[in-house]
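Asker: Take a look at this one; I'll ask things after.
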Amino acid sequence: MKLLASTVLVGAAAASITPQQQVLQNPFKSATKPVSDAWSKSMESLGHLTGSMKGMTAEAKAIWDEVSMLFPEAMEKAAFFSEPKPHTRKPDSTWDYIVKGADIQSVWVENSKGEKEREIDGKLEQYNLRAKKVDPSKLGVDTVKQYSGYLDDEEDDKHLFYWFFESRNDPKNDPVVLWLNGGPGCSSLTGLFLELGPSSIDKNLKLHNNPYSWNANASVIFLDQPVNVGYSYSGSSVSNTVAAGKDVYALLTLFFKQFPEYAKQDFHIAGESYAGHYIPVFTSEILSHKKRNINLKSVLIGNGLTDGLTQYEHYRPMACGDGGWPAVLGASECQAMDNALPRCQSLIQNCYDSESVWSCVPASIYCNNAMMGPYQRTGQNVYDVRGKCEDTSNLCYSALGWISEFLNKADVQKELGVEVSSYDSCNFDINRNFLFQGDWMKPFHRLVPGILEQIPVLIYAGDADFICNWLGNQAWTDALEWPGKKDFNAAKTKDLQLESGHKTGTFKSSGNFTFARIFGAGHMVPMDQPEASLDFLNKWLNDYTL
């Protein structure tokens with residue numbers, strides 16, 4: 001669903017935005033124990049990673065010291081891996097389709113030089129894909145053809161759940177879109193029912209048709225990833241974006257092999273929030289395979305976290321009235337954020353330079369506390385500056401609880417072929433694991449220039465979001481170093497509008513790069529502005545212009 005507000009490292013579900021979350025009141029100002037004691041204890045609990053200390057500065061070491069002193073219980077729980085979800089694997093005979101990666105790898109063809117080579121690139125032998133036909137009349141989510149199932153990594157005991165909806169229009173010719181929610185650790189099925197899918201769910205668990213569903217003119221795959229998110233499960237774990245990318249490439253390859261009727265259409269990846277990390281990595285992984293059956297044409301990132309060094313500078317302006325909405329914070333809090341920014345940027349730069357867990361984790365901890373903490377303590381919704389957080393047990397949105405109730409119904413799980421015992425919209429252990437692997441602050445924006453050389457990229461942002469705000473997204477797209485930077489920065493901003501002439505935002509575009517600001521939308525643009533989001537999606541899928 002969204003970027004979880006992990007403002008501290010967290011010993012439990014502190015990645016959520018509940019009042020009980022331990023946000024440092026004065027980040028890293030005081031110490032009550034000798035540094036050597038703190039360092040010794042933190043190293044004892046994290047000793048299995050001492051080989052990764054390359055690039056760690058004294059400043060980063062000091063952050064680890066201070067965190068271990070302030071939150072000793074959190075350090076003890078920094079295990080980096082989530083607990084396996086209870087599950088029962090169904091016999092192969094219960095599935096309508098099974099495609100084996102080993103069978104794909106066994107197909108060899110002759111190239112133009114007369115040499116033998118594999119028809120499709122990639123290490124796929126350990127993967128299988130299971131699929132079943134979903135009876136639309138059983139669930140009532142949509143009337144279109146649907147498939148659900150799992151991608152299985154038999155070697156590492158990982159099982160990713162997906163749910164596919166055909167286009168409502170012309171599935172034989174309409175494009176296919178993979179949708180990814182963020183977190184990290186939030187299920188893409190929340191995107192299905194809360195934002196852009198065929199139906200929404202009310203408090204009585206009744207379904208309501210969404211006339212602005214993104215499958216109006218495209219087939220859509222909703223994927224629960226990484227493992228142990230949503231209906232996905234594993235005996236092992238994934239705690240970094242790069243590892244997750246291998247799984248996504250395998251899923252798409254096997255899916256399009258099983259269902260070749262969708263493989264010839266244009267394919268696009270879209271997502272929001274932490275998908276600002278996922279999508280550059282997943283896209284680069286796909287594009288690295290020259291012999292593939294994935295017809296990737298473009299990517300879309302909504303309110304993403306992609307370049308922390310640039311984006312974190314814009315938390316203070318967004319919270320203090322410079323983002324087009326009234327200020328949430330007072331002058332003293334705004335000044336404190338300004339004062340903390342140089343240290344935050346220094347830590348992030350060190351992370352960028354070394355990409356070491358020992359440098360990237362302190363950057364995340366310090367900057368999240370200093371830049372998100374003051375806003376979070378007000379009780380305002382971090383996903384929408386226009387209001388308070390109304391339901392702290394469900395990341396401010398009660399509908400998340402309704403979605404979880406619906407997806408925990410036995411008849412729903414049976415029809416979808418679900419193999420886990422329960423569904424949660426977000427797995428906070430996954431969020432913690434990615435944080436402790438240093439994944440949060442890594443410079444994945446550096447992959448974007450290589451992507452732009454091959455396919456178009458759309459960065460869009462609802463302008464009422466705080467946590468991945470439009471100011472920061474606009475700034476990193478302007479700052480990105482790529483051959484088209486000069487022309488992109490000089491491009492004129494144009495109005496984004498519906499056919500009726502109603503203005504829904506602004507955008508600028510040059511070459512393969514487009515940035516769009518969506519008016520009156522928070523973190524989840526399709527939820528807040530459903531008509532506008534479907535309109536710009538259809539325009540983009542048609543010819544990559546808005």
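Every residue gets a Cβ built from N, Cα and C, even glycine.
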Asker: Looking at Swiss-Prot, which of C396, C426 bridges to C186 via a disulfide?
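Answerer: Of the candidates C396, C426, the one Swiss-Prot pairs with C186 is C426.
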Asker: Going by Swiss-Prot, tell me which one of C334, C360, C367 is disulfide-bonded to C344.
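Answerer: Looking through C334, C360, C367, the record in Swiss-Prot gives C367 as the partner of C344.
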Asker: Of the candidates C360, C389, which does Swiss-Prot name as forming a disulfide with C396?
Answerer: C389
Asker: Given the recorded positions N217, S273, C334, C360, C367, find the one whose Cα is closest in space to the Cα of C426 (disulfide bond).
Answerer: S273
Asker: Nearest of the recorded positions to C186 (disulfide bond) by CA-CA distance, picking from S273, C367, D465, H523?
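Answerer: Closest by Cα distance to C186 (disulfide bond) among the recorded positions S273, C367, D465, H523: S273.
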Asker: Select the closest residue to C320 (disulfide bond) from the following recorded positions, measuring between CA atoms: C360, C396, D465, N512.
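Answerer: Closest by Cα distance to C320 (disulfide bond) among the recorded positions C360, C396, D465, N512: D465.
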Asker: Between C334 (disulfide bond) and C367 (disulfide bond), what is the CA-CA distance rounded to a whole number of Å?
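Answerer: Their Cα atoms are separated by 14 Å.
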Asker: Including all protein chains shown, what's the count of other C-beta atoms within 10 A of the C-beta of H523 (active site)?
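Answerer: If we count other Cβ atoms within 10 Å of H523 (active site), we arrive at 28.
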Asker: What is the separation, in Å, between the Cα atoms of D465 (active site) and H523 (active site)?
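Answerer: That separation, Cα to Cα, works out to 5 Å.
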Asker: What does DSSP say about C389 (disulfide bond): helix, strand or coil?
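Answerer: Assignment for C389 (disulfide bond) reads coil.
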Asker: Nearest by CA distance to H523 (active site): which of the recorded positions is it, out of S273, C351, C367, N512?
Answerer: S273
